[in-house]
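Feature annotations, courtesy of TrEMBL:
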ACT_SITE  A:81  active site
BINDING   A:16, A:17, A:18, A:19, A:187, A:336, A:349  FAD binding site
BINDING   A:81  7-chloro-L-tryptophan binding site
BINDING   A:345  L-tryptophan binding site
C-alpha cells in the first residue's frame, strides 16, 4: 500500500453479506474523507445470513452509524432479546436463561452468587434466575427498555433478534446512501505487488479491475483473499467444538406470544435454535457431522418444528477456528473469512462488529500500513476469539449427559488449559477469573456454571457468617421488587405493537 | 456437596503503619469472628505507603466501605482535597501540564485540547484552555465536596484526599480498637514453618509466639515476613526506573491548594505535596548525584534520605503470606501510588478472601492480578522517565513491558491500548502523557472531519465550567467553615 498521506485510502470490501455491508457502512460512516469505500458482491453467491440473534453491543453500532432504532427494527422484522434460554444442556429436562443482566447485587464486596449458594445450602434459595430482572421478565414474556438510572429497572440490557437475510440488504441500502460504491461481479483473479506481496486489485468476470489500498475479506468461509490468496494459517478448534453443520428451517409462529429471548435446546448431536422474529420463527439444528448425517438432521428439524415450516431445511457447512492472522499484508478478514464460532451465544455479528471497531481504531494513517498496527489488531482479535471459544466449550463440557457419543465426547474431552484453570478455580472456590476486556464477564460465567449444575465444592466463607434470617429476608425483598418491576412491563408482543403504531404515526 | 469454606480463625498483620492498621480494620469487618492481630512497629520513612500524605480516588471508596469518614479525616487528620496534579518541566522548553482524575475529558474535545496543551511553550499564545472541570476549579481554588444525594455542577468531579499521616494513623487506630483489633508491639525474630510452604507462627522478641492462619505482610520494603519464605524472589526494575535516592524535606509552612506539583529540576525530579500541616517536598535523584547538589536542589532542610532499589516481589502471595504495599513493590514516589497500590491490593485480597485452606489456583489468580497491578504501575512510572525533560536528567532508559507500543500508539494515533488492572484508566494515561509533554496523534475517526461536534462540545464545556465555578465556594473558605462547624459542635 502506497498512497500520499492526504488522499483517501481506497478500501475494497469483498463480499456483500452481513459482515461485508457492516464493514463498508462502518468505515464509510466513521472515516469520511479518510477512506473511499467500494464493495464487490455477486448475486450468484448466496449469503450465509447467520446471526439472527445478536448481543447488546449491536445497539451501539447501529447508533454510531446514526440509524434510527425503530426504522432498523421495522426493516429487519426485529424483536427484542433479553437473553438465551438453554435447555437440556447440563442434564435433560433442566433449563436456565443466560441473561443480559446481573444476578442480585454484590454485598460487602462479596458476589451475590456466594450468598445464593449459602441460601441454597439452607434450603432457602429460589432458582438463581428469580434474582435477575432480565430472566424474570424473559420468562414472563415481558419487555420494555431498561431505565437510564441506577435503579433496579436499569439492571439489564437488550439486543435484537432479526431476519439476517434482511439485515444485510438494510445495511446495503444504508451503505450506498452514504457513499459506498457497489460493484456487481465475480472475482476471477487477484493481482498482487510482486515485491511486497500486497493485493493491488481484484479482477472481475466482466473484465473490470477494482484497485485498492486496503482489502477487506468478507467472502465468508471461502476466505478468498486472506485464506486462498495469502494462505493465512488456520487454527482448527473442531476437537473442542465438534459441531460443523447446521440445518436451518424457518417456521411460522406456533403461538401468539413472542418470546423476548432465544432458545437453545441441546440435542443428541448438537443443539437446536429457535429465534422468534416478528413474522416467523428462526429454527435450526447445529450438529456434528461426525455424529449425525445431514439427512438425519433435516429430518429431526422437520419433526421438531412447532410452527408450520415456511421452507425446506437448508444445510450450512462450517468449521470452528480462526485464522492465525486476521490481518495479513493489506488484507483484513472480517466475519467468517477470519474465523467461525457456532452461534450458541449469538456471537457471530459481535465478532464482525468487534473486528470493524478495532479496524477503525487502527485504520492506516499517513500513507501506509504500519506493522505495529497490524500486530495490535491481530492481538485484540485473537484475544476476543479465544475468550469466546472457552466460554462456548464450557456449555458442552459442563454436563452430566451421557446419552450419545457426541455428549460423551464433549463431556470427557481435554479442554484448553485457559479454560481448565477457570473451571478448577470455580470448582474449588466459586471464583471467576476476572478481566475487563473481552466479551463475557462474571454474570455470564455464573449463569452457565449454575445453570448447568456445576456448583462449586466450596464458596466464600462470609455469607455463612451472616444472620440467615436477614439473608433470606433480603433475598425475598429483592425477588419481590423484581416481580413488581416485571409486572409493570407490557407483554413483549404488545410492546412491539405499540412501537409499530408509534412509528406508523410518526411517518 | 457445596459448602462454605471454613473461615480464617486468626489473621496476623505484620507492620503497624497506616497500611497495616487499615488492613486490620478491613479484615475485622470482613470476618467479625476472626481474631486480627497487628504485630510490629511503625515502618520507617522508607515505607512510602505508610508515610503517604494522601491517596487516589479509589481510596475514598475503600474508606466508605470500611466506615472511615471523609469528614473525620478533614476534621481530625488534617485532611484536604486534591483535584489535580501539575507537571512542570517534563516536556520540552518549560512545558507544563495537568492531570485530573477519571474520565474528565469530553472525547470530542480530547484531541483538540491535547494539541493545545501538548508540547507547546507555556503562555506563548495566551493561557491555554483548561482540559477538565477539575482543572478549572483548581485554577480558581474553588471546591467543596459535592453532596451525595443530589446532582450538582461539580458532582462528576473526582477528587483524592490528603492528610497528615500521623494523625490519620491515629484515627485508624481508634477504629481498629473499637473493632477489637489486637496489637503487639515488638520485633519478629523468627518465623515457624507449618505445612507445605506455609508459616504457622511468628516469634516476637521477648514476647513468645503468635500463631496465625493467614499472615499479611505490611512491614514496608523490608518485607520482613515474605522475604523469609523459601520461595521468595524479586523482579528487578532498576534498568527501567532510575531514581536511587530520595531526599525528604521537613514540612514547610501550610499551603491550602487543590493541586500538587511534580517538576523536573536540574538534579532530578521534585514533588511538592501541599497540605494544612505543611508542604512536603521530595527530591528524587539518580545514583551519581552529589549529596550537596541534592540538598541545595531540595531547597528546604532535609528530614530523611531514602535509598531505593526498585523492583517488585515475583509473587506477592506465597503459602499463607500475602505482601501488600511497599512489601510487594519498591519504586519512586511520583504521586501517592504506593498507598494506592496497597489499597488496591487490599481490596483484591478482600474480594478473594480465602478460607483456612488456601487453594493454589486462587493464590495464582490473586498473584496474576496483583502482578498486573504492579507492572501497570511500573509502566506508568516509566512514562515519566520517557519524557524529554526527564531524559535530559536521567538519560535514556529501556522501556518496560509494552510501554513502547503504548507510546507508539499514543504518538501516532492518540490511542491508549487497554490494560487490565492499570492504576490509571486509559483516559488518565492519555492526560498524564500529555502533561508529560508527549503530543498525541489524531485517531482516524477524528481526522475524518466533522468539525461541528467539536464546536458544540467546546461551548458545552464552557457552560459547564461556568456553572461549576458559580456553584463551588472558594476552597479555603469551605475548609474554614467545615472546621468552624466542628468547634461549635
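Along the chain as shown, residues are numbered 1 onward.
Every residue, even glycine, has its Cβ placed from backbone N, Cα and C.
Because the structure is a prediction, the values reported are computed rather than measured.
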Using C-alpha atoms only, work out the spacing between residue A:16 (FAD binding site) and the residue listed as 'active site' and round it to an integer in Å. 26
The number of other Cβ atoms within 10 Å of the Cβ of residue A:18 (FAD binding site), counted over all protein chains shown, is 28
In sequence order, what residues of the same chain, 6+ apart, have a Cβ less than 8 Å from the Cβ of residue A:19 (FAD binding site)? A:218, A:220, A:334, A:335, A:336, A:337, A:352
Please identify, among the recorded positions A:17, A:18, A:81, A:187, the one with the smallest Cα-Cα distance to residue A:345 (L-tryptophan binding site). A:81
Other C-beta atoms that fall within 10 angstroms of the C-beta of residue A:349 (FAD binding site): 27
In angstrom units, rounded to an integer, how far apart are the Cα atoms of the residue listed as 'active site' and residue A:187 (FAD binding site)? 38
Near residue A:187 (FAD binding site), which residues of its own chain have a C-beta under 8 A away, given they sit six or more steps off in sequence? A:14, A:40, A:202, A:203, A:204, A:205, A:224
Cβ neighbour count (10 Å, all chains) around residue A:16 (FAD binding site) is 26
Around residue A:336 (FAD binding site), how many other C-beta atoms are within 10 angstroms of its C-beta? 24
